[in-house]
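The structure under discussion appears below in the form of structure tokens.
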Amino acid sequence: AHENTGLQSQPPPEEQNYGATAAHVRQGPFVSVSRTAPAKNKYLIAAVLCYANLINFMDWFIVPGILLDIQKYFKLSDGGTGLLQTVFILCYMLAAPIFGYLGDRCNRKIILGAGIFFWSSVTLGSSFISELYYWIFFLLRGLVGIGTASYSTIAPTIIADLFEEGKRTTMLSIFYIFIPVGSGLGYVLAAGMADATGDWRWAFRVTPCMGGVALVLLILLVPHRTQRRTAAHRALSISGTIRVAAEKPGVHRTAKTTWCQDVISLAKNWSFVWSSLGLTAMAFVTGALGMWVPVFLYRAQVVQGIVPPCLRESCNSSNSLIFGGITVGTGILGVTAGAEAARRLRKINNKADPLICATSMFISALCLYIALMVAQTNILSTFIFIALGELFLSVNWAVVTDILLYVVTPRRQSTAIALQILVSHLLGDAGSPYLIGTISHAIQDKNAHSFQWSFWSMQYSFIVCSFIGVCGGAFFLLTSFHIEEDRKEAER
């Protein structure tokens, strides 16, 4: 792309859109996005957003890390326990479109700061609930979901505004590495605090302090002008340049559109639709695994005689610690490998991104199925194949988001991310923990109550995840049929 740094005029008022919106015209001088803010500042902003993303996902997975303790404390069945995470995800996904709308039109820094403060305060409050008021605990987890929705919807669009295409993919990869890293550390934190203090409630008292630090960093290091300017002056991140409108006759300007018009346009974007359904399958599998794998491993070990049944108030948390470590390691490796594979393969195949996602989903589904089949006889093999399954799931995180960012025009990106969050969680991990728990509970009710059937019920219910994983691979294959056309349309 060519640059004309001598002409850096401001767009007229009607062109100054909000949030992830960008002025996009057919004529006028070019200005490099990288010149709108010092490189050091951009990386500082990205670092703050990554740190907050770490805390975000640590909060998500504190509950699964001490699930046995919570289940015993509140005397919950498998179905009721699964509902705990479902409440969280339902509130999260229902709030996401609201924050997507606000993120495209309002000051994103204020929304992020309010969200961090809100979810940190509610997480702290949830550590003081008596066993007689389990419904309040459920309610507070739902409120945490609302707070985290404000962050997950808006933060990626800020990173997209800060960096050009090559750097954008790298920075988004780093940002999304903190999904599995934060998830894994949530298990480790929860299990570690429960072991160290003998009280699982302390697990909910650490991340609020970290959230306070994130809020201070956000206030101090993310200035309003840098954030607004990088968003308002960026056109297509594909080209890495923007076109600033000149006061000349005949210049084509981007018209503002309503939320309904944006939704209708996105529904006609087949790359966005199919990739969102592929992400939904990923979310379904990830949600079910994240909630139930430590419990499944514990039941497998009880059947094998490796560990005794948990009859104490504080149960053995080694499975949560190991699974947390696996999640961190496979997350870092998977996201990094996915981004690097995408970077290299795009040079030889324009459909590389959805094909990478499809392949990784098929392999992940196979690995998870093998893990389920060997669990009763070999716990080490189970850990290995679960790790491989998580590794190939993690390959897709940054790649899927990058697909969205280049097939959707910039002024609709916050709305697109919000809708993707809504769909992927509504049909994905909002229901999968509850569904797996309900199937397991139903199988147990129809058979004699025993440790063997307790294990088998969870094993049979988990097979659903392998089937959904195969469906996810098929959705990404369908994405590959439309990706080139939709990318060109977004560029136009």
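The backbone N, Cα and C atoms fix where each Cβ goes, glycine too.
Given the structure is predicted, the values throughout are model-derived calculations rather than measurements.
According to TrEMBL, the transmembrane segment annotation covers 43-63, 83-103, 110-129, 135-159, 171-190, 202-222, 272-293, 321-342, 354-374, 380-405, 417-436, 456-478. Annotation source TrEMBL lists domain 'Major facilitator superfamily (MFS) profile' at 45-484.
With a threshold of 8 Å between CB atoms, the same-chain residues lying at least 6 positions outside the transmembrane segment (417-436) that come near it are 79, 82-86, 89-90, 92-94, 96-101, 103, 149, 152-153, 156-157, 263, 266, 272, 276-277, 279-288, 290-292, 401, 404, 458, 461-462, 464-465, 468. If you look at the transmembrane segment (202-222) against the transmembrane segment (110-129), you find at least three C-beta pairs under 8 angstroms, all six or more positions apart, and that counts as contact. Here the transmembrane segment (83-103) lies next to the transmembrane segment (135-159) in space: the count of CB pairs under 8 Å, restricted to residues six or more apart, reaches at least 3. By number of Cβ pairs under 8 Å, the transmembrane segment (171-190) is matched best by 321-342 from the list 110-129, 272-293, 321-342, 354-374, 456-478. Counting C-beta pairs under 8 angstroms (sequence separation of 6 or more), the transmembrane segment (321-342) reaches the transmembrane segment (380-405) with 3 or more such pairs. Two recorded stretches are said to be in contact when at least 3 C-beta pairs lie under 8 angstroms, sequence spacing 6 or more; the transmembrane segment (354-374) and the transmembrane segment (135-159) fall short of this definition.
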